[in-house]
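What follows is a single structure, written as structure tokens, with notes after it.
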Amino acid sequence: MLKHSKKIAVAGGGSWATANIKMLADNIIEKEIFWWMRNGDAAEYIRNYGHNPNYLSSVEIKIPAQNISTDLKTTIKAADFVLLNVPAAFLKEALQGVEPADLEGKYIVSAIKGIVPDENKIIAEFMHDTFRVPLQNILVISGPCHAEEVALEKLSYLTIASQNVELATEFAGMLNTRYIKTVVSDDIYGTEYGAVLKNVYAIASGICHGVGYGDNFQSVLISNAIRELERFVAVVHPIDRDIKESAYLGDLLVTAYSQFSRNRTFGNMIGKGYTVKSAQLEMNMIAEGYYAVNCLHQVNKQYQVEMPICEAVYAILYKKSSPVFEMQKLAEKLS
Ligand SMILES: NC(=O)c1ccc[n+]([C@@H]2O[C@H](COP(=O)([O-])OP(=O)(O)OC[C@H]3O[C@@H](n4cnc5c(N)ncnc54)[C@H](O)[C@@H]3O)[C@@H](O)[C@H]2O)c1
Ligand SMILES: O=P(O)(O)OC[C@H](O)CO
């Protein structure tokens, strides 16, 4: 028996939002699901045909047509849980017109793996500082899980993090299905920063592949990446955590090695000589790590953690440094 109401709004129209809609609808707990997206044509198509025309188009959308809207305030008003699923770079724009009062008493669930540009804040911090959402009302969905495998109903594990563990456990119960298993954590900072960093490491992994390094080097890169990730989260939010858990190491591995990874694909194109603009145009999807590495570069000015992989990716993407040169330089620092 759930303590809270089961009205959930999903905000975002991409692959992960579509996968989240599927798992919430496939979960057996009765609930009402609302869906906001900015693209009116896509919303109309989904209402008419029950499939997202642009992302995971094979997934059957099993929510009532009238619950799909392009008006975010109305969608938020209808729900108690607001699941944010817009890439971090566009979150501020998506929430324009939404006031702190609109979110009063709501639970905010971030499925975003990114940092809000200019603010340089992870999503929980941004929602807390800007919309006065109490941290106790904020949840994070993370873990190694590609939307494409959810569409195929391949067994996947999600981590639901919140300082309010009872709430996280309750929300996790609304995601479990035959193909989704959930783990609960109280580490929102480590979970969010871990997910942000793994996107940058996946870009590094793609760049290495693009310039011609093999599996042997790749494994050393990822072994150094998890140590870099651990160093950073230990300074930003020092608590006792096991970095080998799925939300940290697992997510890094899936993104660094999977054919479905947006960030790795983007990095591979950069390694092969594409410009940032041309690589972005080539993809209908967003590589969060591109935006995140710039934010991390700013955030780390305060913490001064040794982060050679992030710095190499930053130099390539933002200083137009040569991928071959940066990877050679990085290789000297890895162990
Ligand atoms: N795809 C996955 O498997 C997956 C898994 C876990 C977490 N995530 C996270 O989910 C979030 C959403 O990513 P996704 O993979 O669903 O995205 P996607 O790459 O599938 O889709 C791109 C999304 O960005 C939106 N978008 C593109 N340009 C925009 C603009 N100028 N203004 C506003 N919106 C714009 C599109 O409408 C679409 O919703 C990201 O933070 C990502 O890290 C994704
Ligand atoms: O692997 P990416 O770059 O597509 O990111 C998607 C998810 O974060 C994987 O858990």
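Each residue, glycine too, has its Cβ placed from N, Cα and C.
Note: TrEMBL annotation is automatic and uncurated.
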### Query
Besides Gly143, Lys198, Asp251, Ser261, Arg262, Asn263, which of Lys92, Lys106, Lys113, Lys301 does TrEMBL list for that sn-glycerol 3-phosphate site?
Lys113
### From Tyr55, Tyr303, Tyr314, the one annotated by TrEMBL with Ser15, Trp16, Arg38, Lys113, Ala147, Arg262, Ile286, Glu288 for NADPH
Tyr55
## Note on the structure
For the domain 'Glycerol-3-phosphate dehydrogenase NAD-dependent C-terminal' (187-323), the DSSP helix/strand/coil residue counts are 103 helix, 0 strand, 34 coil
### Message
Given Lys113, Gly143, Lys198, Asp251, Ser261 as the binding-site residues, which ones have a Cβ positioned under 6 Å from some atom of ligand 1?
### Response
Lys113
### For Asp251 (sn-glycerol 3-phosphate binding site): intrachain residues, at least 6 apart, with Cβ closer than 8 Å
Ser142, Gly143, Pro144, Gly194, Ala195, Lys198
